[in-house]
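Okay, so here's the structure we're looking at.
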Amino acid sequence: MAIRFSSLQFISAFGSASKMMRGILPGTVQLTADNRIFPGRIRRAVYTRPLLKFLRTSCSVSVPSPILENKGNSSSDFLRDKSMVPDADPPSTKDINLLYQFFDRSTKLVVLTGAGISTESGIPDYRSPNGAYSTGFKPITHQEFTRSSRARRRYWARSYAGWRRFTKAQPSAAHFALASLEKASRISFMITQNVERLHHRAGSSPLELHGTVYTVGCLDCGFSFPRQLFQDQVKTLNPKWAEAIESLDYDSRSDNSFGMKQRPDGDIEIDEKFWEEAFNIPTCSKCNGILKPDVVFFGDNVPKDKADAAMEAAKGCDAFLVLGSSVMTMSAFRLVRAAREAGAAIGIVNLGVTRADGIVDLKINARLGEILPRLLDTGSLSIPASAF
């Protein structure tokens, strides 16, 4: 198959890139909260009184050290790009105590997570100050993908190029903290807007509201199969192209040469001359139909079964906690609104403003990887060893 560039030329362009910065800057936290947590069950003056001094139990939880300490030359070092996580101050004791109270007063807590929980794992988000939108990036829409073969080639070429790098991301301290709380029955139901399955790797089993990039499906007959098989098919159809991509040194990068920049859904921004003509995409092995990742693109609708399950959980909870999401998408905001209308307390931990700020009882600006692990060692939330 004819191809416009040699793999050596392609590799050389990226091989000269500078080493990525490692680690994550200390975070910031600002707290704002009104006095309406669990309205009707506790007084509005709850925060005007001194907070109780919480006692640590003898059994505390610590997040696995490989997640808290990024030592050596691990394969995920390159993902710890400080520019992906907005600046923030460390959480105060008051921040942690307020979040502790929110958990402690709930008997049926629903948690919704967004892209903000995964920035500390090296996966960028869209709407934070450092997110993809800040650079003018526009994600592909469902309509664009289905109507344009050129758009599909662009998407799949970029997605193939970013897959190996994307799948090297590891769960953060926040992912592990939530898994511990879930196992200890402190969380009744978890919903995630994320598609990268870092919650699963940490031990959780959330409802994937927007699907996952780990599955590919046919738009015509509905046949679905694992993403890795699709990667293998792309490699078979484009051997020289795939060889060039797979030979890249992912411990370095050059955003100024071919725009090699990781995107929130796993694809990498890459110059169109490397996919426009000499890149072939697989079709469905059952019906020769169009293949698409099992992800809800912008402009598409959440599958009814998932939307119904999420809504049922939102309406039936006594507290709804948003973690790392601006809830700008209607699929997320309607859940927060439904929970509020059903009488649940609403809490948000997120860096920056959200669409639901006007209806929340508790709002904390914090890095999730800094506040959630500390929550585990507070008061009655200390998790027994049997939860592991």
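Cβ atoms are placed via backbone N, Cα and C, with glycine included.
Feature annotation from TrEMBL assigns domain 'Deacetylase sirtuin-type' to 88-382.
Per TrEMBL, the feature active site, proton acceptor maps to H210. Long-range C-beta contacts of H210 (active site, proton acceptor), restricted to its own chain and to partners at least six residues apart, with a cutoff below 8 Å, comprise Q193, N194, V195, V295, V296, V302, S331.
Residues annotated as Zn(2+) binding site in TrEMBL: C218, C221, C284, C287.
In the structure as shown, the Cβ atom of S326 (NAD(+) binding site) sits within 10 Å of 25 other Cβ atoms. Summarising the annotation, TrEMBL assigns NAD(+) binding site to G324, S325, S326, N350, L351, G352, L368.
Separating the Cα atoms of C221 (Zn(2+) binding site) and S326 (NAD(+) binding site) is a whole-number distance of 35 Å. Taking every protein chain shown into account, C218, C221, C284, C287, L368 are the binding-site residues, and of these the Cβ with the most other Cβ atoms within 10 Å belongs to L368. Put simply, C218 is the one of the binding-site residues C218, C284, C287 whose Cα lies nearest to the Cα of L351 (NAD(+) binding site). Least crowded of the binding-site residues (S325, N350, L351, G352), judged by neighbouring Cβ atoms within 10 Å of its own Cβ: G352.
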